[in-house]
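Copied over from TrEMBL:
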BINDING   79, 81, 82, 86, 321, 353, 419, 422, 423  Na(+) binding site
DISULFID  185-194  disulfide bond
TRANSMEM  73-91  transmembrane segment
TRANSMEM  103-124  transmembrane segment
TRANSMEM  145-173  transmembrane segment
TRANSMEM  236-255  transmembrane segment
TRANSMEM  267-291  transmembrane segment
TRANSMEM  311-335  transmembrane segment
TRANSMEM  347-372  transmembrane segment
TRANSMEM  398-421  transmembrane segment
TRANSMEM  449-474  transmembrane segment
TRANSMEM  480-500  transmembrane segment
TRANSMEM  520-538  transmembrane segment
TRANSMEM  558-580  transmembrane segment
């Protein structure tokens, strides 16, 4: 042990850990108690545990929550990263962009773009031990608007994402029936276009035909036929509002006590989907025609690799799948011990996420092959639906015509609910941690009240998505509320850390935690490749903006402008805060920005 008296505190180090803080002499403020100067092993230093050159060391303070177990943290990260998009979006994107050939750009984009950004955010949160807003005072204060933008985007996500979970809960309740209500056309909500081709011979499927599952979703769950579009979304569906209320009740009691409660809940919500996926995979593999779906899913189309859109889709898929830039990884890792191996965590959780996406493709496409066999059409005609349509129409339709349909429907929607819940936990925790860390004097001992207020705001913000035309609102928020905004936030975050805070300083931070500096590969990715990866997605997305449609509704031009306004409403806080900082703070640009000088202690 080698004691050093520094900043009115006694700091103790050994070769394996840093940052045990013992109050000594003068008191320090609550804000400063989490950040202090310490020692970093230097190349050629005679004592590997101590050096006269000081760099930041963040302490494990007693006042901050901590994960009860390492597995609580890992399951929380996996639960956030593995969500509904893994079940439907990856399989759809894969077959659309060359089948098995798509795995090449997907893996490359993961290695050079997604995983480095994932690792960076875990390391930032663990080192600075604070949320998405207050972390910027330790990195580069002029970029603090990024934290506010992240919180607003997380709010937009909560407005529509929990509604999708509420739809799943409605289906779950409806599944407790000996005959699933979307099995036949004998219900009050069905129309003459309803066509049931399962178990019936000589049935002609036309362009106007609608399956019982489609009409159950559109006319009973959504009642979208009572809305003419975004100009007239209709009234609120009280059944869905009740489902959403139950979802937010679960969310509140999972988050109100911090990571000590959410860390226990994710043992169920993050592990149960894998059990269900395994059961559904076995069942799907035994269905007639399953092989047709698998062949369609993985058949390589090598010529697709020459198309720019395939690489853009691969980059966007890995970014949204792993979730850097959402502030969630910052929040979750901020409750880790200082010397936790965040590098290993990043590799393990990224692999789990990508493998889950790949396996989900088999679960989905074995069933799509079965449906193609039953309809006597090509798999491509069945698989053209994506998004919620795949989860709420295509797959339930196949389940309804399996033996033991009630059982498989129940476990499928339980899987969807749990997949959605732990992603919601992560998204809201990002906001909660950011607010509590930014305003500790006001909210540090009022977490339950902060969580309650946040849940109420999210519930009220979701009401428009519970109307008859709520699905149109969900689509608009999904496309524009997140979309380019979160990618731009991730790009600026990578630039701020690598170029303003400095890659040498950040590498020193990682070395202080892990005892080993990041290798050349990671430094090159952080400085150049990962920011270029995000810039590539942004430019390509802006240049290729397909028309927005849902079912037979084409979004009018004015709604697209509203969408861009929603996207800009979160991103605008970044330049606004920069201007505020430059105008109201005296000093040079470098002083205003707060970028530490070379060799200067931070902060």
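Every residue gets a Cβ built from N, Cα and C, even glycine.
Structural mapping of features recorded in TrEMBL.
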residue: 79; record: Na(+) binding site; Cβ neighbours (10 Å): 28
residue: 82; record: Na(+) binding site; Cβ neighbours (10 Å): 28
residue: 185; record: disulfide bond; Cβ neighbours (10 Å): 17
residue: 194; record: disulfide bond; Cβ neighbours (10 Å): 19
residue: 321; record: Na(+) binding site; Cβ neighbours (10 Å): 23
residue: 419; record: Na(+) binding site; Cβ neighbours (10 Å): 25
residue: 423; record: Na(+) binding site; Cβ neighbours (10 Å): 27
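Taking the Cα of residue 185 (disulfide bond) as the reference point, the closest of the binding-site residues 79, 82, 321, 419, 423 is 419.
Rounded to the nearest whole angstrom, the C-alpha distance between residue 419 (Na(+) binding site) and residue 194 (disulfide bond) is 31. Count of Cβ pairs under 8 Å against the transmembrane segment (311-335): among 73-91, 145-173, 267-291, 449-474, 520-538, the largest is for 73-91. Of the recorded ranges 103-124, 236-255, 347-372, 480-500, 520-538, the transmembrane segment (558-580) has the largest number of C-beta contacts under 8 angstroms with 480-500. Between the transmembrane segment (398-421) and the listed ranges 73-91, 103-124, 145-173, 449-474, the one holding the most Cβ pairs under 8 Å is 145-173. Those same-chain residues not listed among 79, 81, 82, 86, 321, 353, 419, 422, 423 yet with C-beta within 8 angstroms of the centroid of the Na(+) site C-beta atoms are 78, 80, 83, 85, 270, 356. Contact check: the transmembrane segment (145-173) against the transmembrane segment (236-255) gives at least three Cβ pairs closer than 8 Å, residues 6 or more apart, which meets the contact criterion. Distance from the CA of residue 194 (disulfide bond) to the CA of residue 79 (Na(+) binding site) is 38 Å. When each of 103-124, 236-255, 267-291, 347-372, 480-500 is scored by its Cβ pairs under 8 Å to the transmembrane segment (73-91), the top-ranked stretch turns out to be 347-372. Same-chain neighbours of the transmembrane segment (480-500): 117, 120-121, 124, 136, 139-140, 143, 146, 149-150, 153, 156-157, 159-160, 316, 319-320, 324-326, 506, 526-527, 530-531, 534-535, 537-538, 541-542, 563-564, 566-568, 570-571, 574, 593, 595, counting only residues six or more beyond its ends whose CB sits under 8 Å from a CB of the stretch. If you count C-beta pairs under 8 angstroms between the transmembrane segment (236-255) and each of 103-124, 267-291, 347-372, 449-474, the highest count goes to 449-474. For residue 82 (Na(+) binding site) paired with residue 194 (disulfide bond), the C-alpha to C-alpha distance reads 35 Å.
Residue 321 (Na(+) binding site) and residue 194 (disulfide bond) have their C-alpha atoms 36 Å apart, to the nearest angstrom. Each residue contributes its Cα atom, and for residue 423 (Na(+) binding site) and residue 194 (disulfide bond) these two points are 35 Å apart.
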